[in-house]
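Asks: First the structure, then my questions, so here it is.
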Amino acid sequence: MTSNAKYLLLCLVCLIVASEQCSQPYPFEKYLGTRSPYRLVSNNSFSNVNFEGCDPIKIWMIVRHGTRNPSISNIESINARLPKIRDLIINSDSLPNEFIKNRDLDLFKKWKSRLEVDDETKLTVEGEEEMLLLAERMQNRFPTVFDNIYSNTTYKIKYTFSQRTKKSAYYFAAGLFGKKTAKDVWFPEPSKKDPILRFYKLCDKWKKEIKEPVKDSGEQNKFKESSYMIKVVTEVNKRTGAGNQLSVSDVLLMYITCGFETAWNKYSKSPWCSVFSEENFKVLEYLEDLKYYWQDGYGYDLSYKQACPAFGDMISHFDLTSPYPKTTIYFSHSGTLLKLLAHLGLYKDEQPLTAENFENMRNRKWRTSLIDSFATNLAFILYNCNGTKKILTLHQENFVKLPCCPDSDLCEFTKIYDYYSQSIKSCDFQSMCSISDN
């Protein structure tokens, strides 16, 4: 055999191996909902942000915790059910196939849950890295409002009553000041029902009239029974060689696990992702988007109107004549960020998301995979522009334009104040959240 022939044979072997080992020929990572890894949506530029004639003087930022472990209920389901489904797949005579290849079967054979109930919702190593890098990038972009020397006069850093936000705050501080100094950063004692960081925990009307009904009988549950979901379950059963042994709950558990394991491991693929087609992922993502649209988004006015205390906190921070604190950073949760995004009027579609209009909403703005990944964040930077106060808004570290300034990255503070004046001046949280006796 000539050297050229050997080379061609080697190339052919490499192509076959690469084909066998490659992940799906579509970006399934883009459809993982609220379990999406931040690395897929973040702005990874470290470049300094400059606007001619303008100086940044303050910042207000709210951050969802980094990548975490599943909840207790998810861990218990994963540990109890997925090993049985794994064995079903490994022992199937119909595999490998177009979706589940030999490489995926090898991953299934090696797969086992390493989750312990005691680790529920805890921040993961990936979550730690998300916070470190986020802090480093923000400091590089805005060095004058992210001092690298810590002072509790300059900085106000606060987190909710949870391990994942506490650790997120610590690793963010480590990204700013180094791990040694981060240990000495002062954090206020967290509250289980913080009126700014987790205001919805105090809103009884929202909990009773929105959260519970959405969970029990909302659009998400209607879509679960739709022809789209029936088709997903049928296809996954066929693809895995399971016959009809897999239920809707099984399929959702596999989707959830695919999301978590993708977020945890940037260099390896979860075998549970291989059971779905791209269309399956789109349907499952929409199912999740329905929940958060109606629970935390535009589905009900109260869901986003109750975010006025958090929005007002930002306005007050910028309205103070005192230059301190210069930097306010809060570490919170998905429910806070989504309500605040809707409060601002961002990512609003022309028609509501429902169980019946999936086809019309394929290009929707409200996609939790893109707007509410792990470590999602919203930042407002106050600038002094030759005596005029202006605000730059960032979401996922990217410039976003507020509805009151559709043509400009920097928006005058007075314009924002006027546009959201109802929220600022009439934020009667107690009244809107109280349950009527009638």
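Backbone N, Cα and C atoms are what each Cβ position is placed from, and that goes for glycine too.
Look at TrEMBL and you will find Cys54-Cys385, Cys258-Cys273, Cys405-Cys411 tagged as disulfide bond. Annotation source TrEMBL lists signal peptide at 1-19.
Are these features on the surface or tucked inside, and what touches them?
Replies: Counting every protein chain shown, 14 other Cβ atoms lie within 10 Å of the Cβ of Cys385 (disulfide bond).
Annotation note: Cys258 (disulfide bond) sits in a helical segment as assigned by DSSP.
Under the three-state DSSP scheme, Cys405 (disulfide bond) falls in the coil class. In sequence order, Cys411, Glu412, Lys415, Ile416 constitute the residues six or more apart from Cys405 (disulfide bond) in its chain with CB-CB distances below 8 Å.
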Asks: Between Cys54 (disulfide bond) and Cys273 (disulfide bond), how many Å separate their Cα atoms?
Replies: 47
Asks: Measuring Cα to Cα, how many Å separate Cys273 (disulfide bond) from Cys385 (disulfide bond)?
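Replies: About 49 Å separate the Cα atoms of these two residues.
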